[in-house]
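As recorded in Swiss-Prot, the features of this protein are as follows:
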type: BINDING; residues: ARG62, TYR114, ARG119, GLU339; note: substrate binding site
type: MOD_RES; residues: LYS212; note: N6-(pyridoxal phosphate)lysine
Amino acid sequence: MQEKEASPHGFLPRFQHFATQAIHVGQEPEQWTSQAVVPPISLSTTFKQGAPGQHSGFEYSRSGNPTRNCLEKAVAALDGAKYSLAFASGLAATVTITHLLKAGDQIICMDDVYGGTNRYFRQVATEFGLKISFVDCSKPKLLEAAITPETKLVWIETPTNPSLKMIDIEACAHTVHKHGDIILVVDNTFMSAYFQRPLSLGADICMYSATKYMNGYSDVVMGLVSLNSESLHDRLRFLQNSLGAVPSPIDCYLCNRGLKTLQVRMEKHFENGMAVAQFLESNPQVEKVIYPGLPSHPQHELAKRQCTGCPGMVTFYIKGSLQHAETFLQNLKLFTLAESLGGYESLAELPAIMTHASVPKSDREVLGISDTLIRLSVGLEDKQDLLDDLDQALKAANPPNASSN
């Protein structure tokens, strides 16, 4: 359910009871003999059985862990899902999902995705006999044309990384599901559970690199998967245990703690992200800004129809060349030049050389991932300090007395 009061900038109303669920679901003190209000970190690798083969819910920590169980329950509630599973990383979740398939099956993947996803599908999954097709899934006709009898899974991100292209999840679900037993996976890393619920829009699986916004503190590497299908859950739970790519109890504790501030963090990311996007759009040293919260974004209306807000991810093209982009990045003082995103700190990177370097150059050119495309992860610092930092770095990259390039 969603609240009646509209969110800022014309987006969907916020999901009801989000903060309450994040704080309380799966955290009940009554589940512990100690009545601990904060779920303890269960480091034990094994658990006593009452009799041979008779355990009290846990037997071996890879198969299930009390701390991980608390996290998975909380995430399921925030996604409006029946089930959630935690993995050692976002890519561990991706690998586990693809083990639902067999050699000869086809995966259709959005052409504009995280570089690690692209690399895994292109260079690893194909080695196991999976057929991979990269398609612009923002265009339903192209998605429809790519589906074959061998298609078993469609993988999309929305917004995409790094070009922030929005994809109509409902339209994709309609196209995919009319062909029968095809699984639609939505990578919801950028939006987080706070701004978008893919399952309610028709997706079969919602996945995250929880390393980013869901944890929010840049101190955990983790993946999450949420879903409603009992049969899919049972199979993924079996694969989670069989493949063994599970997170440590300490990481589960940290991510579970991160969820408690997800609402307040995402609101601030939205506020700061919008301010940065508006500042950059008005700056003469910037060629183009891509941010779904701006009216200038090609899918702005879709974003408002599908999401409750926008994260702090802002992409822009700086005027000039690679030299201008590098000079800008090297002169930033608050924004740290680093990969990853979604933490409380602001980060900046050059996708063509960093996060998406593994994507073939010809594909990068088609996707617009040029040497002047810069991706920002806008953090929680004071808004004016961030704007001042961007302003001075842009001036350093294009000094007023320098000849135009």
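Just so it is clear, glycine is given a Cβ too, placed from its N, Cα and C backbone atoms.
The shown structure was predicted, so the numbers you read here are calculated from the model rather than taken from an experiment.
Annotated features taken from Swiss-Prot, shown on the structure.
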| residue | record | DSSP (3 states) |
| --- | --- | --- |
| ARG62 | substrate binding site | coil |
| TYR114 | substrate binding site | coil |
| ARG119 | substrate binding site | helix |
| LYS212 | N6-(pyridoxal phosphate)lysine | coil |
| GLU339 | substrate binding site | coil |
I'd like to know which of the recorded positions ARG62, ARG119, LYS212 has the most other Cβ atoms within 10 Å of its Cβ.
LYS212
The residue listed as 'N6-(pyridoxal phosphate)lysine' versus ARG62 (substrate binding site) - Cα distance in angstrom:
23
Integer Å value for the Cα distance linking GLU339 (substrate binding site) with LYS212 (N6-(pyridoxal phosphate)lysine) is 11
Report the largest Cα to Cα distance, in Å and rounded to a whole number, among the residues ARG62, TYR114, ARG119, GLU339 that the record lists as binding substrate.
29
What is the total of other Cβ atoms whose distance to the Cβ of TYR114 (substrate binding site) is within 10 Å?
24
Is it possible to get the count of other C-beta atoms within 10 angstroms of the C-beta of GLU339 (substrate binding site)?
13
